[in-house]
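Chemist: Got these off TrEMBL a minute ago, pasting:
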type	residues	note
DOMAIN	42-130	domain 'Ig-like'
DOMAIN	158-252	domain 'Fibronectin type-III'
DOMAIN	286-380	domain 'Fibronectin type-III'
DOMAIN	387-480	domain 'Fibronectin type-III'
DOMAIN	486-584	domain 'Fibronectin type-III'
DOMAIN	591-690	domain 'Fibronectin type-III'
DOMAIN	682-780	domain 'Ig-like'
DOMAIN	908-994	domain 'Ig-like'
DOMAIN	1134-1212	domain 'Ig-like'
REGION	1234-1309	region 'Disordered'
COMPBIAS	1252-1266	compositional bias 'Basic and acidic residues'
COMPBIAS	1274-1288	compositional bias 'Basic and acidic residues'
Amino acid sequence: MNVKGEISAYASLVVKRYKGEIDASHLHAGTFSMPLSLGVTPHGFASRFEIKFIDKFEVMFGREGETMSLGCTVVISPDIKRFKPDIEWYRNGVLITPSKWVQMHWTGERASLTLTHANKEDEGLYTLRVVMGEYYEEYSGYVFVRDADAEIPGAPGAPLDVQCLDANKDYVIVSWKQPAVDGGNPILGYFIDRCEVGTTHWTQCNETPVKFARFPVTGLIEGRSYIFRVRAVNRAGVSLPSRVSEAVAALDPADRARLRSHPSAPWTGQIIVTEEEPAEGVIPGPPTDLQVIEATKNYVVLSWKPPGQRGHEGIMYFVEKCIAGTEDWQRVNTEIPVKSPRFAVFDLSEGKSYCFRVRCCNSAGIGEPSEATEATVVDDKLDIPKPPGRIMPTRNTDTSVVVTWTEPPDAKELVGYYIESSVVGSGHWEPCNNNPVKGTRFICHGLVNGEKYIFRVRAVNAAGLSEFSQDSEPIEVQAAIAAPSPPYDITVLESVRDSMVLGWKQPKATGGTEITGYYVNYREVIGGVPGKWREANIKAISERAYRIENLKENMVYQFQVAAANLAGVGTPSLPSKPFKCEEWTIAVPGPPHDVTYTEVRKDSLVLLWKEPVYTGRSPIAGYYIDMKETEAKEEHWRSVNEKPLQKKFLKIAGLTEGVSYVFRVRATNQAGVGRPSDITDPVVAETRPGTKEVVVNVDDDGVISLNFECDQMSPNSKFVWSKNYEPIEDDSRLDIDSKGGKSKAIFKNLGEDDLGIYSCVVTDTDGVSSGYTIDEEEMKRLLALSHERKFPTIPLASELAVEILEKGEVRFWLQAEKLSGNAKANFVFNDKEIFNGEKYKMKVDQRTGLVEMIMDKLEDKDEGTYTFQLQDGKATNQSSLVLIGDVFKKLRDEAEFQRKEWHRKQGPHFVDQLGWEVTDECNVMLKCKVANIKKETHIVWYKDDREIMVDEEHDFKDGVCTLLISEFSKKDTGIYEVILKDDRGKDVSELKLTDTAFADLMNEVCRRIALSATDLKIQSTAEGIRLYSFVTYYVDDLRVGWVHNDTQIRYTDRVKTGVTGEQIWLQINEPTPQDKGKYTMELFDGKTGHKKTVDLSGQAFDEAFAEFQRLKQAAIAEKNRARVLGGLPDVVTIQEGKALNLSCTVWGDPTPEVSWLKNEKSFVSDANCILKFEAGKNVSFTISAVSTHDSGKYSLVVKNKYGTETSDVTVIVITVSGQTDTAKHTVSISGQSQNNITVSKKKKATTMSKPQQEKEKKDIKPHVDEIIATEETSDSKEIPRVEKEKNTENNQQTAKKTHGKAAAARTVP
């Protein structure tokens, strides 16, 4: 417009910028595609596809509970009937799968997606992708879902995105996101509800509202599945419930993973958990790695690992707490132990410090506690974030505005942001999004064109919502097209007497389109007073360095620069600082300029710069690069390189992700290092979502190319390729092909001239770029791959190999990874082709790629080289195998052996050769596994070439033959052999149990015997205290040792050891207090020691010693009591008138008192009967002439303080004619005639039949009853003779076992 009139022009402009985590450049509806390049279809032919979207869905708005549908009509040309497109839908870049919430439909022309019951979780950017082979096109649009109307006026919106985390046996953490709408009153907290899958009953999990957006739910029943929902509450009431979570099973994570990988049945929503009856319990050890994983004002969540020692049964846990600094431990779960290694502790005092520990328990008891945690303060560890800053709205479309902001300082675990808008002056705020968005940029849709809006943002994490940010500046909703912002950082790059070279930085805001050029103005400054601005250039300049001519020497100047784009010339920059136009005479170079960065990633970037305009007095020798963190002070600049760089670019690695950096460059020459360039703008080390890299590709024709894709292009964006970060001007080496969002750099003939770094930058984007290095090694790899593609080989899964088959046949084979139906093979032996026939059987399986040749028999003439030659189209390959010398002989012998083995297996044969095992009863079982057995098959056992007779025949039902040798010992050493035979043949298996083999077996027997030892017991005897243990049986090879208080016992007459039957004992005679302590019995099986320990101290010693004293006294009493040692018969028959003289010996200490009774009445010496007691031991009874009155029962009574004993004798006086029926035994007493006295001894007549005698003999065990090292008897005058029974033939008879049945075995010579 001017005084002459006005004119208008219009242009369409699409602005795309970095999208953050959500593709913000797609937040308005739009189409994005890959280039219309050659796409290879699954059917093997190539076509150019053009995909168009018509009748497209735009930005949509809905409300919770409504049904929403999105759809597009898709036109694909050319239309190939056999090639159907793949239709894919994405939400915020995540592939959507059909569910009860989402339905998808494709008619062949129209693709649609239906949200059957919209929820705020469904809000986001929806992308329809149509895929045709390797080619696809996309169209995107945003869907907004507002809250449903609250049932209670003023109630908040429903929470969203309810998820179940860290599920375990009886515990799960429920998390959610806070709603954007609080109903006008702050949200006081949230209620969590659960429902068991398969029911409709909801149970509230917390009594009071929780503010933290995570909550541990305990008390779940193991094996059952649950769903959860959350409700928000404020002063007005409770919100509608959220969408329910996905079902989660209360299971151990390991069980859940196993069920997912091996599902046994369709999911029914419930898992039944059963527990087996536990074995003998082991008290579990303490848990490990106990830590506090979350702490809030309401609860503390503990986590730990199960103990290593837990037995075979399941374990549960008790949690204990105490106030820090005390030891007053209190059990938290007093009634029911928890099953999961997670636990939430409630009812803690806010602000206090607590320590926690955990105990394990099972049926055996409660274990020791774990190590206590560090003191934990009951308070929220996660703070509510601070409000975001620098809210900046910019125009986007006529109904949308782009809002950007900066992340709040010290933000932790951010879920996202809520944005609100308000018409200026209305005071009414509306949410722009109902699902928190990540990133710091969002497009607010649904605005009124021409209205002015202000915006505010609040951050969200699990602790809550931040305060709102400051309101943005007002912005009018209009389509965005504007002039660029001013350039900045104007600097002088060179100065001579009449000209100066300026440099500056590109504007931060380009106005939504590419900058077309710059305009420079200058003015004189005289005495500090600036003059009038003058134009330095009439035509826009494209570079950011410009020489201003015709200046005055020694004059001070100021400069300003303005950028221009399609919208016009932008606002000029602020005036630069004054610069004096004078000849630079310094020797060092001036500053480098145009320092930029590209290819920004999380740990690296590439820095570019241009050489100084002023080089100093000598050529530039190189460059130094400096860097520091943006907020660091000046003294923290550090040099990246130690030696000067010759090139004008550098890839700087080792950056820390998320940290902001600035850089500068200094040039050097022979005179020294010049002043640094202006510092770069701050750059954050991060790999932005959606970042793509240059990819190298070698096609089927061997053509090598570099490929780059970009999905953030604007209509004016271009792909710019460079080599070593210099524009590629020579097109003789490369062809560049860019279409749509794809670009390809094709090498014409890759060689050494092409080595370097290739970079691709997409203009009019937020720094989209990538690079690829082709060094000598990579070039060789690509050329090899190109050659392979041009001249393909058939890839082999395995090279030519040989194996021996069951019948001794020889199989040569190889396997190709893939063969077509036209593949064929040639077989060559010693350079001559061989063919299928009687000797060679050849086969090619195109389906599996298997090529094989089978030879019936390997002969001496078959030694040589075998080759398989493959051909499949133009692809070929071959593989050879050399069989000569020892290799051939070994293969031939193996084939012959296998042939014999096959013939052997046609009859009864051994699958597993004869071996041995030691049973739990410490017996030795010889066993072997047999096959191809029939009813007539016999088995015969031999030892040392003598047959072992077995009482029962084998039935071979289980295919195992056994021979049981009980109480195995040295007598059983020898060579054992077992023979299978029937009419089809026989097979022999031999087992040598001699020398080392026998020693190994005896070691195992001794080990089993040692393991069978019972715990040591304490027994008191009259001689002292005996410690003993029982074993299954004892052999000499088992070495026994005893240790007292860690000192080996030296055996004496007082301390002895021995074995009696199955009892191993240690005898301590006359124990003393020095014998107290810990006793250990050590059993050594030849390799390993086994120990049994008993503590003979304290009460155990006292009780044993008291019992020993009692038994000792009883033994003394028994030894010294009065007794009749012998001499009196039971019955004496004598003729009347004869003399009777009876005598005997008595003993006792002290000397006993002697008295006589007749017929139970006291009887004393008289003239007829003389009674004598002489020398304290000789007692006599004399009647000079007996009469019938002397008949009767006479009793000799001896007595001392230890006891009394009576000996009876019956005297029968008969007349001369008297007779008796009693069996008589006549003895001479007191020198009388033999026929004077008849003495009768009463004996019980017993008889034993021969079978009974044999049975009694069989009952005698054929092993040693007692082996004694040293032993005393109670009578010191008696020396017992101890000997070991000899192993006679009868004692060696042992029960044998065949086929699990007991069998008597004997050796037949």
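Just so it is clear, glycine is given a Cβ too, placed from its N, Cα and C backbone atoms.
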Chemist: Ranking 42-130, 286-380, 486-584, 591-690, 908-994 by Cβ pairs under 8 Å to the domain 'Fibronectin type-III' (158-252), which is first?
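Modeler: Comparing 42-130, 286-380, 486-584, 591-690, 908-994: 286-380 has the most Cβ pairs near the domain 'Fibronectin type-III' (158-252).
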Chemist: Are the domain 'Ig-like' (682-780) and the domain 'Ig-like' (908-994) close enough to be called in contact, which here means at least 3 C-beta pairs under 8 A that are separated by 6 or more residues?
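Modeler: Output no: the domain 'Ig-like' (682-780) is apart from the domain 'Ig-like' (908-994).
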Chemist: Within the domain 'Ig-like' (1134-1212) only, compute the mean pLDDT.
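Modeler: 89, rounded to a whole number.
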Chemist: Take the C-beta pairs under 8 A between the domain 'Ig-like' (42-130) and each of 387-480, 486-584, 908-994, 1134-1212. Which stretch has the highest count?
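Modeler: Per the Cβ under 8 Å count, 387-480.
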Chemist: From the DSSP assignment alone, can you count helix, strand and coil residues within the domain 'Ig-like' (682-780)?
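Modeler: Secondary-structure composition of the domain 'Ig-like' (682-780): 8 helix, 44 strand, 47 coil.
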Chemist: Quick one: DSSP breakdown of the domain 'Fibronectin type-III' (387-480) into helix, strand and coil?
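Modeler: The counts are 0 helix, 47 strand, 47 coil.
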